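Enquirer: One structure coming up, written as structure tokens, with questions to follow.
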Amino acid sequence: MPSPRRNVDARPLAASASSSSSGPGSPAHGGGGGGGGRFEFQSLLSSRAPGLDPTCTRLRASESPVHRRGSFPLAGAGPSQAPPAPLPEEDRMDLNPSFLGIALRSLLAIDLWLSKKLGVCAGESSSWGSMRPLMKLLEISGHGIPWLLGTLYCLSRSDSWAGREVLMNLLFALLLDLLLVALIKGLVRRRRPAHNQMDMFVTLSVDKYSFPSGHATRAALVSRFILNHLVLAIPLRVLVVLWAFILGLSRVMLGRHNVTDVAFGFFLGYTQYSIVDYCWLSPHNAPVLFLLWSQQ
């Protein structure tokens, strides 16, 4: 009895049976090319199975639905992988404004609104337009040029060392005020209010800017200087304080400045006097200045 495994074409019996049951045009016959075609194809696959091509392996792994879902990283993938996308929560946090920015914008809006409400003398047609000449007179009283010219005149007429020392430091304070205010205005460059009329008394290049108010800084500086170095009666001291306050208020009423410009100007002028008092000029620490002035 012949062995069931023996066959002329060296094929298994299962293959022979399937070939006998299939037609000549079936895939098992390979389009009528004989029964050995399928056996040779299976032999080719079995011969290449131990050492598959790594490229084919990577392609099959990339085509796997598990890999497409990103359940596990590919072992053979290179180091150049795209970074993960940022979380939506992080994007929303970057777009949200900070609390400090909201607070500053709110204060700016309040400052502009209050400055416009207080600008009752900004024009002749304003509610207090008839008070503009008086307000402009106050404007001249706090201008830097009259104070500089007046200090120089008094210094030239003074015949005592104590008077010259006080006037010399007042001149130094006025020059320091002009320098600091011009520097800050050039750095900040805040425009004057929209309802302001550019009819100011003797304006320079940086006077087109609003922050800080030079009149407010000068009023605070001069009033503190006078109160500390001149012996005045109480009514006169009250008048000096009222002059400084009304001068700062008139800047807002005329529409020249906003409220924050005047408030910071008062603070800067008060601080400037501390600088002048710390660097006080006297015949002991600045003898050259006093000798030059005494010779003139």
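Even glycines carry a Cβ here, placed using N, Cα and C.
Below are the features I grabbed from TrEMBL:
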type	residues	note
REGION	1-91	region 'Disordered'
COMPBIAS	14-27	compositional bias 'Low complexity'
COMPBIAS	28-38	compositional bias 'Gly residues'
DOMAIN	165-277	domain 'Phosphatidic acid phosphatase type 2/haloperoxidase'
TRANSMEM	167-188	transmembrane segment
TRANSMEM	225-246	transmembrane segment
Enquirer: Taking a Cβ cut-off under 8 Å, which residues six or more beyond the ends of the transmembrane segment (225-246) line up next to it in the same chain?
Expert: 138, 141, 166, 169-170, 173, 219, 266, 273, 276-277
Enquirer: For the domain 'Phosphatidic acid phosphatase type 2/haloperoxidase' (165-277), report the average pLDDT of the model, please.
Expert: 91
Enquirer: Write out how many residues of the domain 'Phosphatidic acid phosphatase type 2/haloperoxidase' (165-277) are helix, how many strand and how many coil, based on DSSP.
Expert: 83 helix, 2 strand, 28 coil
